[in-house]
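Engineer: So TrEMBL lists these for the protein:
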- 51-70: transmembrane segment (TRANSMEM)
- 91-113: transmembrane segment (TRANSMEM)
- 133-152: transmembrane segment (TRANSMEM)
- 164-186: transmembrane segment (TRANSMEM)
- 198-220: transmembrane segment (TRANSMEM)
- 232-252: transmembrane segment (TRANSMEM)
- 258-277: transmembrane segment (TRANSMEM)
- 298-320: transmembrane segment (TRANSMEM)
- 340-361: transmembrane segment (TRANSMEM)
- 381-400: transmembrane segment (TRANSMEM)
Amino acid sequence: MSASEVTTEATAAHANLRDSQSVLQVQVIASLELNRVDYAEGRKKSLRARYYFGIIFLIINFIAWFFRDYGQGVLPFILHMKACGKEGEECIHALGVLRVSLGCYIFFSVMFLTTVKTRKLHESWNLWHSGYWEVKFIILLVSMALPFFFPSELVQIYGEVARIGAGVFLLLQLVSVIQFIIWWNNYWIPDEERMQRWSFGVLMSTLFYVVSICGIVYLYKTYAPRASCSLNLFFITWTAILLAAIMVVSLHSKVNRGLLSSGIMASYIVFLCWCALRSEPANATCQTKNQDKGNTDWITIIGFLIAIFAIVIAAFSTGIDSKSFRFSEEIVEEEDDIPYSYGFFHLVFSLGAMYFAMLFISWDLNNSARKWSIDVGWMSAWVRVINEWFAATIYIWMLISPIVRQNKVMGNDRTVQETVDSVMP
């Protein structure tokens with residue numbers, strides 16, 4: 001074989017190799033593009049699924065209300081169920097709410113257990129979270145029906161546990177709200193390129209503090225019109241003290257977080273205090289507002305519906321906010337990662353099932369609430385007040401914790417240096 005023939009064959013082989021590599025490269029790119037499309041579609045289905053679960057949770061809230069207020073007259077089948085006792089009394093009112101809540105808790109617990117380890121969009125359990133709605137509907141029906149065959153003693157035990165679960169739900173909600181407030185404050189931090197944004201931040205800070213102060217004045221006038229209203233005076237005055245403490249800590253030179261986040265937080269704790277005072281029983285004497293019966297009925301119904309939607313929104317917004325509860329900030333998100341933590345999402349909704357039960361029965365397992373009422377009673381009022389105090393405490397700790405950790409690290413470094421100096425000749 002001549003040299004020219006060898007050269008020709010080598011050139012041809014090189015060209016074939018180059019063509020093969022080009023084909024392989026095209027195939028890899030096409031595969032990556034296909035995967036990217038699949039991931040985008042999977043992400044869309046996942047994001048839609050959370051709204052479906054939210055709707056399910058909303059419907060279950062209305063079912064619980066229906067069993068509490070109208071179960072005995074409209075659901076005659078419960079009269080013949082052994083677990084419901086004489087005339088179905090143990091499947092309506094407070095126990096009816098707890099049974100519906102337990103069914104909701106079972107369903108979302110099943111979803112939690114089956115999706116808690118899901119991390120990638122291509123995993124099979126991602127398809128389970130986002131699809132198979134016919135199967136999930138059957139599981140939901142079974143979960144909702146099971147508690148109506150449980151003895152009342154077991155349901156009462158669940159009610160005691162639900163108090164704790166509802167408290168955990170409130171704590172998670174507080175952390176989520178505070179993290180959002182801090183994020184919003186950081187968004188409006190001034191720099192040379194965002195003077196217009198900074199001006200708007202100053203305006204909003206002023207507005208929130210004005211609203212907070214006006215809210216305190218309104219609470220004094222409406223819920224503590226007399227010196228004999230000592231408990232309400234204590235609630236409102238302590239709220240004012242917390243408001244001042246938040247502002248002072250935020251403006252401290254070592255913290256220096258500005259007034260926007262503290263202003264929002266001040267408005268939030270004033271709102272929580274107002275909710276606590278509104279939760280006081282109807283026979284409370286320290287309220288100046290007396291509305292005629294017709295208006296009160298409409299206001300009560302509208303307030304009731306708003307409260308139910310607020311429960312669902314609270315569960316939904318907290319459930320998709322798993323990032324606020326990460327212990328590490330160094331997690332790198334990849335293209336095929338799920339858009340939110342499925343396990344945390346369903347865990348929050350299972351705790352939310354306990355929370356709405358406590359609101360419907362006013363945290364009292366033997367409560368027979370009047371129709372269209374929600375979260376009314378002295379126990380409800382105290383829960384809201386303690387929730388307010390926790391909110392202020394958590395927020396102040398989030399402000400000062402970096403300084404505390406920094407001082408601790410500096411103290412440890414100083415101790416190590418002193419030890420080294422004492423050892424060295």
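Please read every residue number as a count from 1 along the shown chain.
Each Cβ is built from the backbone N, Cα and C atoms, and glycine gets one as well.
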Engineer: Name the range, of those listed as 51-70, 232-252, 258-277, that has the largest tally of Cβ pairs under 8 Å with the transmembrane segment (133-152).
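Structural biologist: When the Cβ pairs under 8 Å are tallied, 51-70 comes out ahead.
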Engineer: Mind checking which residues reach the transmembrane segment (340-361)? Cβ under 8 Å, same chain, six or more beyond either end.
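Structural biologist: Tertiary neighbours of the transmembrane segment (340-361) are 46, 50, 53, 57, 60-61, 64-65, 68, 94, 97-98, 100-102, 104-105, 108-109, 111-112, 115-118, 125-126, 129, 159, 161-163, 165-166, 168-170, 172, 307-308, 311, 314-315, 318-320, 322, 325, 367, 369, 374-375, 380, 383.
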Engineer: Tell me, please, if the transmembrane segment (232-252) and the transmembrane segment (381-400) are in contact, taking contact as 3+ Cβ pairs under 8 Å between residues separated by 6 or more positions?
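Structural biologist: Result for the transmembrane segment (232-252) with the transmembrane segment (381-400) is yes.
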Engineer: Do the transmembrane segment (258-277) and the transmembrane segment (198-220) share at least 3 Cβ pairs under 8 Å, sequence separation 6 or more?
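Structural biologist: These two segments touch.
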Engineer: Other than its close neighbours in sequence, what residues sit by the transmembrane segment (91-113), given a CB gap under 8 Å and a spacing of at least six beyond its ends?
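Structural biologist: For the transmembrane segment (91-113), the far contacts come to 53, 56-57, 60, 63-65, 67-68, 71-72, 78, 81, 83-85, 129, 136, 139-140, 143-148, 150, 152, 155-156, 158-159, 162, 165, 342-343, 346-347, 349-350, 353-354, 356-357, 360-361, 364-369.
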